[in-house]
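Visitor: Let me begin by handing over the structure; questions about it come next.
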Amino acid sequence: MSKGPAVGIDLGTTYSCVGVFQHGKVEIIANDQGNRTTPSYVAFTDTERLIGDAAKNQVAMNPTNTVFDAKRLIGRRFDDAVVQSDMKHWPFMVVNDAGRPKVQVEYKGEAKSFYPEEVSSMVLTKMKEIAEAYLGKTVTNAVVTVPAYFNDSQRQATKDAGTIAGLNVLRIINEPTAAAIAYGLDKKVGAERNVLIFDLGGGTFDVSILTIEDGIFEVKSTAGDTHLGGEDFDNRMVNHFIAEFKRNDKKDISENKRAVRRLRTACERAKRTLSSSTQASIEIDSLYEGIDFYTSITRARFEELNADLFRGTLDPVEKALRDAKLDKSQIHDIVLVGGSTRIPKIQKLLQDFFNGKELNKSINPDEAVAYGAAVQAAILSGDKSENVQDLLLLDVTPLSLGIETAGGVMTVLIKRNTTIPTKQTQTFTTYSDNQPGVLIQVYEGERAMTKDNNLLGKFELTGIPPAPRGVPQIEVTFDIDANGILNVSAVDKSTGKENKITITNDKGRLSKEDIERMVQEAEKYKAEDEKQRDKVSSKNSLESYAFNMKATVEDEKLQGKINDEDKQKILDKCNEIISWLDKNQTAEKEEFEHQQKELEKVCNPIITKLYQSAGGMPGGMPGGFPGGGAPPSGGASSGPTIEEVD
């Protein structure tokens, strides 16, 4: 295949989306199910691996081996409080591998464990394939988005996931920044505008304030809640109905995973309905112990169940305004991103907060991020279209970065919301006489003391010549590149001795070897998936050939054209094959093909004889036998082929 353009991928917590900039505009690409967003789900079964819709659709039958929310694990340590609290809610198992979380599943009858990067890489591979199927070209270059909140290690791990998926990640950009680009292209204005981006997705909530002037974006502030989104609203509804079921039927379904999962799917559907209708009905047959569950919910009740969560979305809005040092009257535009911003109550709360100001909903909220990422991908890969030419992107660091100085004080070198790439240098000295070395501990966070902030990594600079305290000069440099990856170095001015760290190590970064290995494994899994597809198609081919052949010889139009002995011979062989198939559903492709050849050996001579004696097609059937497809041509192409539906 020829090389395709660069794409933009919104790798979401619950759903992902891919877009491409071509012919002067962005196209959001639908997957094979016709959906423009794809669930960030990967499932493992006894026979195959499923990604996307196919994985999400079977989650009720296979909850412990269906992995989602990898984005909540990526770039985190196992003992991270977030990981520990999230684990309680996941049906799949998360295990501790040398301090790093891995998800453990059963695949083809064996226990397998995967790093979050590997799971995310599977979703990215799916998005890459969706783009390739649409473009008819191979896709390697991509811009991938992350929440503004992501720290360094989460960004790096996301980039690694891209590498494992066989992508060249041109840049990692913030989701709100991407949405701003999508927006900036649509509305070119001369004067400076302050834009607030309100992004409420399936699992995360981000508020960002940007200024846009003459095609230049600057991010002024970011705030949000990494744990608020559509799923939380679903949960409130689920709990409401569990309680209702308890009241009416005196049964507690909460311990039954499958029942809860079916209820949740129905609730998600009802929630979507409530964005356009004032009430929705829920009908689930035999939800629990044979009891049907038929009920309904009004929009008002849904809003009441989520009242605190909905209202709570305004707190980060206020915080972002404070950080940007802006009053709400100074915001020119409010942009809605994320499917949950379709909820009328949320739109109303936001509109009232901004004193009745109109909200921008012109961009499909599910697609805005991928849209902007696609534009950015075009810019970075040198698209010369005037639509993207004069767009420049300035991203920021989400948290302040600094080092610990005497007494556990956080000394900030790079303030939060500093535009990146950036480089800051500051000179430090020793704290005691003849001190031989210094420990440089790098932290991120806004608190005055390092113990309240997050340790990113540390290293020692040793070999400082003996000197009284305060004499040695140690120059510390913080350097953040365009992807938000941080390098910290320290140099002793007297000796020129240097040591440095790329902040990633202590967060459980994957090593080069790990990534190489995972790339190979990803290839292997992909090959296995292909093999599985081939196997299924040769099985289907054999099955349809046997059934069609049976139907053909039993057709009354052939009565008298075929002698009973031949007919019986074919029927016996077909029945033998059909019963073999029932017992050998999981046989290898070669076995299915062998069985088909055996069957053809019996059938072909008889069918050929039939033609010759009939002098052409029997019963005026120029197109072949009824139900028999075209005359068998041997191999996997015999019998009508049915397109697989994943």
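Note: Cβ is positioned from N, Cα and C throughout, glycine not excepted.
The feature compositional bias 'Gly residues' is assigned by Swiss-Prot to 616-632. Marked as SUMO1 cross-link by Swiss-Prot on the basis of similarity to another entry: Lys512. Sequence annotations record features per position, and here Swiss-Prot assigns SUMO2 cross-link to Lys512 based on similarity to another entry. Taken from Swiss-Prot, the feature N-acetylserine applies to Ser2, supported by similarity to another entry. Here Swiss-Prot flags Lys108, Lys246, Lys328, Lys512, Lys524, Lys589, Lys597, Lys601 (among others) as N6-acetyllysine. Residues or ranges marked as N6-succinyllysine by Swiss-Prot on the basis of similarity to another entry: Lys319 (among others). Marked as phosphoserine by Swiss-Prot: Ser362 (among others). Taken from Swiss-Prot, the feature N6,N6-dimethyllysine covers Lys561, and the record attributes it to similarity to another entry. For 2-386, the entry in Swiss-Prot reads region 'Nucleotide-binding domain (NBD)'.
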Visitor: Which of the three DSSP states, helix, strand or coil, fits Lys319 (N6-succinyllysine)?
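Guide: In three-state terms, Lys319 (N6-succinyllysine) counts as helix.
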Visitor: Over all shown protein chains, what is the count of other CB atoms within 10 A of the CB belonging to Lys597 (N6-acetyllysine)?
Guide: 12
Visitor: Determine, using Cα-Cα distances only, which of these modified residues is closest to the residue listed as 'SUMO1 cross-link': Ser2, Lys328, Lys561.
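Guide: Smallest Cα separation from the residue listed as 'SUMO1 cross-link' among Ser2, Lys328, Lys561: Ser2.
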Visitor: Same-chain residues six or more away whose CB lies under 8 A from the CB of Lys319 (N6-succinyllysine)?
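Guide: Once residues fewer than 6 apart are set aside, Lys319 (N6-succinyllysine) is near Val207, Ser221, Ala223.
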Visitor: Between 0 and 100, where does the mean pLDDT of the region 'Nucleotide-binding domain (NBD)' (2-386) sit?
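Guide: Averaging the confidence scores along the region 'Nucleotide-binding domain (NBD)' (2-386) gives 92.
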Visitor: Using Cα coordinates, what distance in whole Å links Lys589 (N6-acetyllysine) and Lys246 (N6-acetyllysine)?
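Guide: Cα-Cα distance, Lys589 (N6-acetyllysine) to Lys246 (N6-acetyllysine): 50 Å.
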Visitor: So what sits near Lys246 (N6-acetyllysine) in its own chain, CB-to-CB under 8 Å and at least six residues off in sequence?
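Guide: When sequence neighbours closer than 6 are ignored, Lys246 (N6-acetyllysine) has Asp252 within Cβ distance under 8 Å.
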Visitor: Of Lys328, Lys524, Lys597, Lys601, which is closest to Lys108 (N6-acetyllysine) if I measure between C-alpha atoms? They're all modified residues.
Guide: Lys524
Visitor: Have a look around Lys524 (N6-acetyllysine) and count the other CB atoms within 10 A of its CB, chains all included.
Guide: 10
Visitor: Look up Lys328 (N6-acetyllysine) in the DSSP assignment and report helix, strand or coil.
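Guide: It is helical.
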Visitor: Of the modified residues listed here (Ser2, Lys328, Ser362, Lys597, Lys601), which is spatially closest to Lys524 (N6-acetyllysine) when Cα positions are compared?
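Guide: Ranked by Cα distance from Lys524 (N6-acetyllysine), first place goes to Ser2.
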Visitor: Among all protein chains shown, how many Cβ atoms are found within 10 Å of the Cβ of Lys589 (N6-acetyllysine), not counting that one?
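Guide: I count 17 other Cβ atoms within 10 Å of it.
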Visitor: Out of Lys328, Ser362, Lys561, Lys601, which of these modified residues is nearest Ser2 (N-acetylserine) by C-alpha distance?
Guide: Ser362
Visitor: Do you know offhand how many angstrom separate Lys601 (N6-acetyllysine) and Ser362 (phosphoserine) by C-alpha?
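Guide: About 63 Å separates the two Cα atoms.
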